[in-house]
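Below you'll find the structure, written out as structure tokens, and then a few comments.
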Amino acid sequence: MQKSPLERASVISKLFFSWPGPILRKGYRQHLKLSDIYQIPSVDSADNLSEKLEREWDRELASKKNPKLINALRRCFFWRFVFYGILLYLGEVTKAVQPLLLGRIIASYDPDNKVERSIAIYLAIGLCLLFIVRTLLLHPAIFGLHHMGMQMRIAMFSLIYKKTLKLSSRVLDKISIGQLVSLLSNNLNKFDEGLALAHFVWIAPLQVTLLMGLIWDLLQASAFCGLAFLIIVALGQAGLGRMMMKYRDKRAGKINERLVITSEMIENIQSVKAYCWEEAMEKMIENLRQIELRLTRKAAYVRYFNSAAFFFSGFFVVFLSVLPYAMLKGIILRKIFTTISFCIVLRMAVTRQFPWAVQTWYDSLGAINKIQDFLQKQEYKTLEYNLTTTDVVMENVTAFWEEGFGELFEKAKQNNNNREISNGDNSLFFSNFSLLGAPVLKDINFKIERGQLLAVAGSTGAGKTSLLMMIMGELEPSEGKIKHSGRISFCSQFSWIMPGTIKENIIFGVSYDEYRYRSVIKACQLEEDISKFAEKDNIVLGEGGITLSGGQRARISLARAVYKDADLYLLDSPFGYLDVLTEKEIFESCVCKLMANKTRILVTSKMEHLKKADKILILHEGSSYFYGTFSELQTLRPDFSSELMGYDSFDQFSAERRNSILTETLRRFSLEGDTVSWNETKKQSFKQAGEFGEKRKNSILNSINSIRKFSVVQKTPLQMNGIDEDSDEPLERRLSLVPDSEQGEAILPRSNVINTGPTFQRRRRQSVLNLMTRPSINQGQNIHRRTAASARKMSLAPQANLTEMDIYSRRLSQDSGLEISEEINEEDLKECFFDDVENMPPVTTWNTYLRYVTVHKSLIFVLIWCLVVFLAEVAVSLVVLYLLRTSSLQDKGNNTTVNANSSYGVIVTNTSSYYLLYIYVGIADSLFALAIFRGLPLVHTLIKVSKTLHHKMLRSILQAPMSTFNTLKAGRILNRFSKDIAILDDLLPLTMFDFIQLLLIVIGAVVVVSVLQPYIFLATVPVIAAFIILRAYFLHTSQQLKQLESEARSPIFTHLVTSVKGLWTLRAFGRQPYFETLFHKALNLHTANWFLYLSTLRWFQMRIEIIFVIFFIAVTFVSILTTGEGEGTIGIILTLAMNIMNTLQWAVNSSIDVDSLMRSVSRIFKFIDMPTEESKPAKSVKPPKDGQLSKVMIIENQHVKKDYNWPSGGHMTVKDLTAKYIDGGNAILENISFSISPGQRVGLLGRTGSGKSTLLSAFLRLLNTEGEIQIDGVSWDSITLQQWRKAFGVIPQKVFIFSGTFRKNLDPYEQCSDQEIWKVADEVGLRSVIEQFPGKLDFVLVDGGYVLSHGHKQLMCLARSVLSKAKILLLDEPSAHLDPITYQIIRRTLKQAFADCTVILCEHRVEAMLECQQFLVIEENTVRQYDSIQKLLNEKSLFRQAISPLDRMKLLPHRNSSRHRSRSQIAALKEETEEEVQETRL
């Protein structure tokens, strides 16, 4: 970056903003890069600004009980704010004085007033000087205020980030990532541009007072008629604004609903294609879009009338001011023209400036209050440690989720004793509730000495991670003691990767030691992976390690923890994503050898790890089930596995575990006795409650894709609210958990940033804490979305006791990754969305405009109609002018004066004919602007265009090949459907309408002036030419700067989300200062771009104004020097010239806005033009001899499965299959050939990342493939894609449940009857689950079906496959996140429902492979072995290495016995389970 020319710029250069000249020249000639941007001045650096504000905020906290952020801001910025306010006021005063001089100039042309004619030229000079002074005052003032707003935003951004790093885990559990981003973007962007309007809250009233005084001098009391009318217009506009908000609020829910389904579709596009659900998804989204557009139209009409009211008021305000005075006393022309000029300024002050200023203050103070409350939240308390301690000791430790939870529970139970629950089963609710009242850990005791390994085991939700949290100080015990040295290293359960190189991720700011680094890389099995990258360990990883596999991320995370030299290593299930072989090697070489002298606590569920541990701690429902050695465990607790896991059978699950499915259901229905109708629930299931108590604006951002554990209540093993630390802070600064009054107003204080009422706790689902505790699959890519459940509207308890219930329900609500926008709204749209770098032309091309206009044929007719109406208006005006001029000449010729007593009354003066002209001037802009027949059809048609474009884009996305999605970020696709479609719906129609209106007003005024004074036309031509050249020159650079600014905004939010996801790791490693520095760097980069954009914008605005001032000077002097007698002509010319000046500037700005918004259109066209999948057969098929398959030829690309005979058996032949993710990319699989007999079961084996899942995708033609596959003799080249995919049933690794009913999820095309669905649900063990929900099959699942465990979702995928009657079943790691019970159900279903199907299974678990007859071993992109289990066990294969000798002995007998013995299902299930316990993760 270069040094900014601002630092050495002269005063003149700063005053006229000529210092950004070089960058404008460069941007016009060539493409701007980041290196071309100037460095920021030191006064704008985030370090300086945040330090200044932090100092004042700390002062505020120290000195007052009730600290106010606005006081800290005042001490930092107040005097500069006042100075710029005064400049702004002086600039505005000149506008009020201009009409006075105008009046005097007009008066000097009165034939009776020849005395003043001599000073007309001096009056004109005075008028022109006023314009020059105004230009010189206004622009520096506005720029100064924008600059100051930017500084305030930077300081607050930094303060919020620093606070986020200090928040206690308990507070983090109450805040969603959506709220954090919303706090930064939606609230803080108000300061950047809003500050310039803030002063009008006092300037506008002063301006109105001054103007009314001046108009009173002219018209006496009748002046107030015009003001009264303007106030009525302003109030009317406020009413219309409220009506518009009402429509938009209604629409917000629909937009949200559409975006949720769209993001689910994009995120799971692979599943959508695998299931052939493209048409079903399109229909669902289009139906929602229809409803949304109806509301969009209504809102647009209201907004159109609101906009038209401003123009329309121009004529009436003058008319109402002048008419009463003229009727009573008569009026001279000078007064009319002066009044018109005064009224133009008055109208702006009353209907625009003052309402905007009030809105700005309202928004800004609201934002400051939210930030203030956030800054006062409870902080993470660093524990005091004894550095000399070598042991790790826990004595009688107990911890609760919430302080005082037990008491709250008792109170809630008493208050609800007599209430009926909607399904009438009281026990369900309270069995869950008692669980929630229990401590997360109770009476934990253990002691481990230096160098020992403690293995912590237990079922999901037993409190394993909470134990590690407590050691780290994230969760404070309510009783008991913890002792250790405090030198901790931590490896999280779900690997966290920061943006940077692999090396930076492992070293993580610790000093570099080559030998240690190499040892760690070797022990964590990373050598081979690193050697594959061209840049080795210096390869830059994207957000969340997007380019790495899950196993690679897990190993880097582990390497980071091991590299740090600590006394105690906390490893939270570090092997979750590793294959058996890698896990075994890392456990031995890293955990047992490399770290042998260190104290380690390992959360695990593997029997081998328990055997090798020095001590074992088994947790069950928060209590210590067992503590001791492995031999003691076998002696004392021989039944530990079945007891802990509930292996005996599903029915013998503990009540808590079984009912976890129901807990969210209960939240949806009122406990008050009146049941809520199902339809109502359905309506509300997408409704978003306000995010911060008042209208929350949008925030849609890329987030993570959560995978959920089996239990809903105990699902995160992390329960991490923490306990309220004993804080020295005053009570007001801490979160109050218990309401002050019995009425239970809110859980947090009223002004709290995140919660202004009890609704928040019920509707929170994805807290920041959950974000930290979820695994990420393609973290940076996957959009995660959340919609509120109906719980947001239905209380769980009577209103008075809501607060206690909220705490209960918050614990239940876990899953989801993101707050989807409450309202897609105006300028905020641009804030939160960050796109990849796109090669967009600097200025929107004419081709885009032409294509946009021709999208809908009626748009062309509407535009032609607009032009016709306009030409008619201009023609009428010219005719009127001609008639007036003729009558004026006749008047002069006859030299007659009409008597005041004649029928005309007192209005008529000796310049009567010109009086009529005033009506034209007054009505000119009203007539052009209102033109209701022109405006409404335009807005209506532009919304139709938006509808068509959305439809085309959706179809294009659904038909795009998977390679497109491999190169496109999901966030970018969702931005098209959210940000860009919202721009097309909301901003573009009205901005375009405004631009067309303003342009026509200017043209109309120029024509009138030119007719009256032809010389002026000569001055107009160069002005218009200058304006066009200047606009083109400026646009080239400004759009590039905007693009760079948008790209620079992305790292700020990415860094925030990344920091929050890795917060425990950050704090365990003490890296907060390093991350604050990185955040400040990201802020400074954004500031450099934004400041330069603001400066170039001011450069442009000032140049435009200078051109207009020159134009006005020319017009004034030409008029004065060439006009003869008669005040009418000079009055019209000067009044219109002043009007042209203001309007043309507005028109120029509108044209820039239109160009900017049209970029959204060009982005959408890019998506519409994407290539599509080849759905037609690649070659024709010869009719088979037996005639059986002839019907294949006539199946068209229909999604409905017809009962033809293909596929009949499921015989599959693969020949020379090669697969790539993208065209021209490296082959992921090469020359794969094998054959599978009908009904055979084949297991895929291979290390992590060997290509097993890729092979399954290749079967479905989801990749770029070469070679051939045949099913029952039919080649994939001979039939359509849809038909081919229909042959397969799929259970993907990433389960797809979209927002909709159970029925829709199982059968989106609605082909099956209820009986068929229930029969299949019975077969797969889903019936009992579905029947527990109200509405049964019609129960609406939202948030990816968060009320279901991962196992139940897998069962739904299984049911889909059974319903599709597929002959070949593909299973991609179905047991990865399953508890043993659900896994057994899946195994049983596979045996029964798919007995005669071909099954291809990809698995990590050895025991999962027991049913397979053949095994396909994939290594180095190709088939290494394809054989039966016996041969693989005899040879030296990967399969043989992966399992222990003991298991090897078991495998063959197990297969034989299980195939030949017949026994009852339950007995078989039980026996199999017990045999497998050795391998199963607890």
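A Cβ is built for glycine as well, from the same backbone N, Cα and C atoms used for every other residue.
Asn894 is the residue among Asn894, Asn1456 that Swiss-Prot labels N-linked glycosylation site. According to the topological domain annotation in Swiss-Prot, Leu218 and Lys254 sit on opposite sides of the membrane. In summary, of the candidate residues Asn386, Asn679, Asn901, the record from Swiss-Prot lists N-linked glycosylation site for Asn901, whereas the others have no such entry there.
For Cys1397 (S-palmitoyl cysteine), the same-chain residues lying six or more positions away in sequence with a CB closer than 8 A to its CB are Gly1210, Gly1239, Gly1289, Ala1366, Lys1367, Ile1368, Leu1369. For the topological domain 'Extracellular' (217-222), the DSSP counts in helix, strand and coil order read 6 helix, 0 strand, 0 coil. Spread of the ATP 2 binding residues is 19 Å (greatest Cα-Cα distance among Tyr1221, Gly1246, Arg1247, Thr1248, Gly1249, Ser1250, Gly1251, Lys1252, Ser1253). Ranking the recorded positions Cys524, Tyr1221, Ser1250, Lys1252 by the distance of their Cα atoms from the Cα of Lys464 (ATP 1 binding site) places Cys524 first. Here the C-alpha separation of Gly1246 (ATP binding site) and Ala462 (ATP 1 binding site) works out to 32 Å. Checked against Gly1249 (ATP 2 binding site), the recorded positions Gly458, Ala462, Gln493, Cys524 differ in C-alpha distance, with Cys524 being the nearest. Just so you know, the Cβ of Arg1247 (ATP 2 binding site) picks up 21 other Cβ atoms within 10 Å once every protein chain is counted. Looking at Ala462, Cys524, the recorded positions in this record, the fewest other C-beta atoms within 10 angstroms of the C-beta turn up around Ala462. The two recorded residues, Ser1250 (ATP binding site) and Cys524 (S-palmitoyl cysteine), have Cα atoms 18 Å apart. Among the binding-site residues listed (Tyr1221, Arg1247, Lys1252), Arg1247 has its Cα nearest to the Cα of Ala462 (ATP 1 binding site). Ranking the binding-site residues Gly458, Gly1246 by the number of CB atoms within 10 A of their own CB puts Gly458 at the top.
Put simply, Gly458 (ATP 1 binding site) is 27 Å from Arg1247 (ATP 2 binding site) when counted between their Cα atoms. Counting in whole angstrom, Cys524 (S-palmitoyl cysteine) lies 14 from Thr1248 (ATP binding site) by their C-alpha atoms. Looking at Thr1248 (ATP binding site) and Gln493 (ATP 1 binding site), their Cα atoms lie 18 Å from each other.
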